[in-house]
Amino acid sequence: MSKVARSSSESDVQLWETEEDDMTEGDLGYGLGRKPGGIYEIEFSHRSRKRSDGKNFSPPPFPRKGEERNEASFQYSKHKSQQDTFPQVSRISNYRRQSSTVDSNSELSNEELRQCLNETLEEVEMLKTELEASQRQLRGKEEALKILQSMAILGKATSHTQAVLQKTMEQNRSLEKEINALQWEIEFDHNRFKNIEESWIQKYDRLNCENAVLKENLKVKTEEIKMLKSDNAVLNQRYLEALAMLDIKQQKMAQENMCCDKSGFAEASGLELAVLGACLCHGPGGNPCSCARMAASTRKLLLQLKQELEILQKSKEEAYVMADAFRIAFEQQLMRKNDQALQLTQMDKMHKKATKWMNWKHLKEDGFPSPRSKKTFGQRLLGMLPSENSSKRMEDQDSPQEVLKMLIDLLNDKEEALAHQRKVSYMLARALEDKDTASNENKEKNPIKENFPFNNPWRKTSEFSVLGDPIHSSVCILNSVGCICSIQHSQIDPNYRTLKRSHSLPSSIIF
């Protein structure tokens, strides 16, 4: 079976080669004058020569068991490409030739077939070697193409990376320049700050030294001031003791002398300086003359008199105000007395009517007047009054009218006492205001006398005069240090019956 297959394959190869030879020699499909069914000789030498030249276009043999698939696919593709090149007319002529040559090939001998088989095997081996070489070349070319592609891709990537690298290098250079500039600025600022810090440290040390020196000087000065204050306090105490030992006139003279000695012409007022400067006749040494001094002293006296006149006007106004206050108080008191008198008359009428009605009622019930077992209205009022001799004079003062009159007198006395208290408080307030203004003026003129606001406590005792009214004969008002207003009823209208005890303000009321 293998021999038959080999012979059939060899015959197919021979037929294919004859067809190719016909194509090369110029046969256009007419069979070169041959008829179908005829027997013709085949030249194997010429065919073998063409095979050796490498121009065999025979179709590929059947694949053996040991052949590779890539070789078969390569041969098949080559054969298919060659077959596609022939025209359709040549294919029909080839089929006719094959049918005519089958009979002629069957008559060949076995030896010739073996020789042909050996030759074909050799050619197949040569073709295998050539195929392997061409495959190696193809593989090498593919690898070279891959390498070239990778190199092209790498070239593109490297160009991009080179551009990016150049940009990064430029950025790095610019950043390095900026960093160098910033470092230089930092070093410059650091040096400048060091210099400033050193200068401030020197200033701080110098100020600390000066502060220490000033503290020491301040301590010394404070000690000196304390010593001077203590000496001044002692001298002021001695001065006050000496003034207390003198009379009022001597005290005034001493105060005037002290003011003149302290002030002199160095502490003269603006008016005195103006008068002294207006003088044209200058004495020896540029001092003002006696006439200028006299004019300055007269100006000063004139100002003092003006101040005293203002004080007198104020006191006059106060006197008018006090007189008006007394007048208003007495008018109010008279109005109250009139109202109380009207009320008393009405009460008397009502009391008389009530007594008559009660007596008539008792007479109607019992036929005789009832004894007075209870206290009367006047006795009850007297019992409410806390007096020592009220129990002794209970029988004499049994009528309620007398008791009411006594109560009215007491109320009037209280009202008068309150009015006097108001006046005295007003007077004391004005006196204190005057003293405050005088002390402020003295402080402005003589600032050394700050510790002595009351140098002359007996100066304004004459301002408080004895006050009198038609009812009260003695009203005593003391000085501003302690004032007690006492009111005694030594002279009272004889028409009114009063108690024997004295009605006065309590001793606890002190202004």
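The backbone N, Cα and C atoms fix where each Cβ goes, and this holds for glycine too.
Swiss-Prot marks one residue of Ser45, Ser73, Ser387, Ser504 as phosphoserine, namely Ser504. Looking up the ranges 293-325, 326-358 in Swiss-Prot, the one annotated as coiled coil turns out to be 293-325. Here the coiled coil (105-243) returns a mean pLDDT of 89 for the predicted model.
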